[in-house]
Amino acid sequence: MPSADKLLQRLRRRPESWLVGVILIVGAFLSAAAPGFLTTANLVDLLESYSVQAVLALGLFVVLVSGGIDISFAATASVAQYLAALMAARLQLPGFACIGAGLLVGTALGCLNATLIHFVRITSIIASIAMMSVTFSLLMYFSGGKSIYNLPDWWTDRIVFWQTEDAAGDLTRITLPVVVMVVAAILTWLMMTRSTVGRQLYALGGNPEAARRVGANIAALHYVAYGFLGFMAALAGLLQAHRVGESVPSAMYGTELAVLSAAVLGGASLSGGIGTVPGVLCGIVLLAMLQNGLNLLGVSSYFFQIVIGLTILISTSITVLSTRSRRRRRNPAGEPAHG
Amino acid sequence: MADLFEERAGQAGLTGLMARLRGGVPGGFPGLTALLIGLIALFSLSIPGFASGRTAQAFMFQVPLLGLLSLAMVVPLITGGLNLAIIATTNQCALLMAFIMNALIGPETGGGAAVLAILAALGAGLALAAVIGLVTGALVAYTGVHPILVTLGTKSLIDGISIYLTRGTPISGIPGLYSAAGNATLLGMPMTFLVLVVMTLLVGLILRRTPFGVACAMIGSNIEATRFSAIDTKRVLVGVYLMSSLLCFVAATVMLAIFNSASAEYAQSYLLVTILAAVLGGVDPFGGFGKVTGLMLALTILQVISSGFNQYGLSNYLTLAFWGLTLIGVMAVQTIRPYLTWPRRPG
């Protein structure tokens, strides 16, 4: 069977294939140990509760591919969410205006990051740390840390696209967050693999100088990458408020590292130029499964962080060691090719 | 103009590099020094009683913990890495030491036994920090995974263990003997501040005057070239993360003295501030360059902003926002300056 052999070889070359293997093993273990795990209701529920992180991770993935890094996206999401919530709750503006304004604010903050990184030439991790402390602190200062509870119905009402009830009475519902996540994933995938901009972003992350010499507009690419992350962050922020039914200024704060680890777990390289949308989604799925499975097993939620830590350490080590044995690495120091 | 050219050529060459490596003159940061003097002048003029001994005393109580944590961040930064686990390491060491002190010292324990118990606790904390540092260093050096990822993993792991074991509650009740020693003053300076001064001098000496320090800077500049110049880069990297962890242990001892308790949650917001301070102080985030003097200057600036804003009655959040703006401003000036001083670029 030469074709099956070739397929196996191609699969082995894909960085996320081993991740799928890990997911299958963990899934098999959990479904054997926790009876409630392998039900459609639970799996869809899982998907919904991680939709916000998935949207964030997809945005971050684009920046990682371009060779940069961004820590400020959670702050951006909070700012966009809170401003939209203010417009909706205090000014009673219609839905499209609030959503549009929120997305616009997120994109603008992302573009501001791009300006700092490209034109002021600040390293991306430093620029985003600085921007994070500026935007999040100002948000906390002006909001006084107060939450907005009276969000309008158009924002908080559950939107169910499809639902079914099984014999046991478990309700399986495909809701708005899941649909948004799927659409965001498809759009990101299309942009990164089917458009010139996507190819150029990979080129920029792989070798910025080469990308410049073949005529890519580096400034525009930076604006696309960080602007896209800002847009996705705002989208995630709006989605998060939709899920919980209120806007808490500090709700998203602190998710940066979890999202970053999911993206990296999914094979997005911190050196830039490497990573796929399916891989990032696999990273999210693995983290979600671990958390949910441990909950079902009755393991203390305090334990979860230990598991995340071990997962990151083991998976990244395996990825690097396995790629190293196959080919000599382009950049042995593993330093970001571009800030 | 001729000396300008020579100076530029010299800076680009090996002599320039060595001058940057071996420099370390306190006056080497004109921009930061000017900023600091300007800030102090501004606050002294607008706040009556700002330039007083009391402000200096408060400064010396506030700066040691952040200073030690920043030192722990700077050592890996100079090699082009990063240690995101410093806060987690510090908290776990503090928790372990607090636990041992509480377990060994009861209300009726005598002075001698209490000293022994405190020493045992310190020893255990030191050992824990050493183990964490060696494991982190080995992971960074031998797997080749980027330090951001490795330390993200160890941070999550260490934090997780601390939270799991304590359920997130602080351990309080540090023996009076320890806190008394920790909060004692010498010549009007708090003990904790003296610890910071000693550690700063020590780290500065190690980074500037030892083969290990030079190797760190070389690794930060170009790890491959360093390896080819017969330096065991893996051993140096292990040493770097070991040193970073040991500095966390020192930070933990200071933290116990300041807070009189230990928790998995303390000082988490300092993580990004240490990076901010390091970069503000001229440490190149890509590695290779950085001086302890610059770091301390930057810390002083941040702390002066903080206490000035505090005395204006402004919120802590505004302080943090202003710290971020300062960082952006300093980096922007660094970018723009070449265009200002060299309108005709020789080329």
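A Cβ is built for glycine as well, from the same backbone N, Cα and C atoms used for every other residue.
What TrEMBL annotates here:
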TRANSMEM  B:27-47  transmembrane segment
TRANSMEM  B:59-78  transmembrane segment
TRANSMEM  B:84-105  transmembrane segment
TRANSMEM  B:112-142  transmembrane segment
TRANSMEM  B:187-207  transmembrane segment
TRANSMEM  B:236-260  transmembrane segment
TRANSMEM  B:266-283  transmembrane segment
TRANSMEM  B:320-340  transmembrane segment
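Between the transmembrane segment (B:84-105) and the stretches B:27-47, B:59-78, B:112-142, B:187-207, B:320-340, Cβ pairs under 8 Å are most numerous for B:112-142. Counted over residue pairs separated by six or more positions, the transmembrane segment (B:59-78) shares fewer than 3 Cβ pairs under 8 angstroms with the transmembrane segment (B:320-340), which leaves the two as not touching. Below 8 A, the CB atoms of the transmembrane segment (B:320-340) and the transmembrane segment (B:27-47) form 3+ pairs separated by six or more positions in the chain. For the transmembrane segment (B:112-142), the residues of the chain that approach it from at least six positions outside its boundaries are 81, 83, 85, 89, 92-94, 96-98, 100-101, 104-105, 150-151, 153-154, 158, 175, 177-178, 233-235, 237-246, 248-249, 252-253, judged by C-beta separation under 8 angstroms.
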